[in-house]
């Protein structure tokens, strides 16, 4: 086999091994990602919001660093409220919604939990779209800034 082909094949195999270690995202996060992309076309939500400020990403504490971080805090609080509903798990609940020209609508066929979670995500996506994105708030030291 040609050494160049062998090198390319090896690189592909290593890439695939790395990709297989990435855990799948819960369906709801895929839906929330879609909502954000509806309100902010061209955004890459997993990249842009997974480690922003004190509240965007997993966990959250302290004082939000800016308006966008406050959107994430409100979203976290909304999920806490959703968990008060009977058998409602906002991190895994699937819901139905439409996106039309940047406008999000939660569908009427959602059950109570799905409607609540859908609205949490809809409000957050709209909030993200209206908030400035400050690159200096990416990957901050949460022990000193939050």
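Including glycine, each Cβ sits where the backbone N, Cα and C put it.
Owing to the predicted nature of the structure, the values given are computational and were not obtained by experimental measurement.
Per Swiss-Prot, the feature signal peptide maps to 1-21.
For 38-99 (among others), the entry in Swiss-Prot reads disulfide bond, with the evidence type experimental evidence. Under a cutoff of 8 A between CB atoms, and with a sequence separation of 6+ in the same chain, the neighbours of residue 99 (disulfide bond) are 34, 35, 38, 105. Residue 99 (disulfide bond) falls within a strand when secondary structure is assigned with DSSP.
Sequence annotations record features per position, and here Swiss-Prot assigns disulfide bond to 54-146 (among others) based on experimental evidence. The number of other Cβ atoms within 10 Å of the Cβ belonging to residue 146 (disulfide bond), over all protein chains shown, comes to 17.
Less than 8 angstroms from the CB of residue 57 (Ca(2+) binding site) sit 49, 50, 51, 72, each of them six or more residues away in the same chain. Residues or ranges marked as Ca(2+) binding site in Swiss-Prot: 55, 57, 59, 76.
Annotated disulfide bond per Swiss-Prot: 56-72 (among others), in sequence order.
In the three-state DSSP scheme, residue 127 (disulfide bond) falls into the helix class. The feature disulfide bond is assigned by Swiss-Prot to 71-127 (among others), with experimental evidence given as support.
Residues or ranges marked as active site in Swiss-Prot (evidence: similarity to another entry): 75 (among others). The Cβ of residue 75 (active site) has 22 neighbouring Cβ atoms from other residues within 10 Å, across all protein chains displayed. Mapped onto three states, the DSSP output places residue 75 (active site) in helix.
The annotation disulfide bond is assigned in Swiss-Prot to 78-120 (among others). Taking the Cβ of residue 78 (disulfide bond) as reference, residues of its chain lying under 8 Å away and at least six apart in sequence are, in sequence order, 90, 116, 119, 120, 123, 124.
Residue 88 (disulfide bond): 18 other CB atoms within 10 A of its CB, across all protein chains. The feature disulfide bond is assigned by Swiss-Prot to 88-113 (among others), with experimental evidence given as support.
Under the three-state DSSP scheme, residue 106 (disulfide bond) falls in the strand class. According to Swiss-Prot, the disulfide bond annotation covers 106-118 (among others), on the basis of experimental evidence.
The active site feature in Swiss-Prot is assigned to 121 (among others).
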_residue 55 (Ca(2+) binding site) and residue 75 (active site), Cα-Cα, nearest whole angstrom_ = 9
*Could you check which of these recorded positions, 76, 113, 127, sit within 10 Å of residue 56 (disulfide bond), going Cα to Cα?*
76
_Other than 55, 57, 59, 76 themselves, what residues in this chain have Cβ atoms within 8 Å of the centroid of the Ca(2+) site's Cβ atoms?_
54, 56, 58, 60, 61, 72, 73
*Just the number: how many Å between the Cα atoms of residue 55 (Ca(2+) binding site) and residue 71 (disulfide bond)?*
8
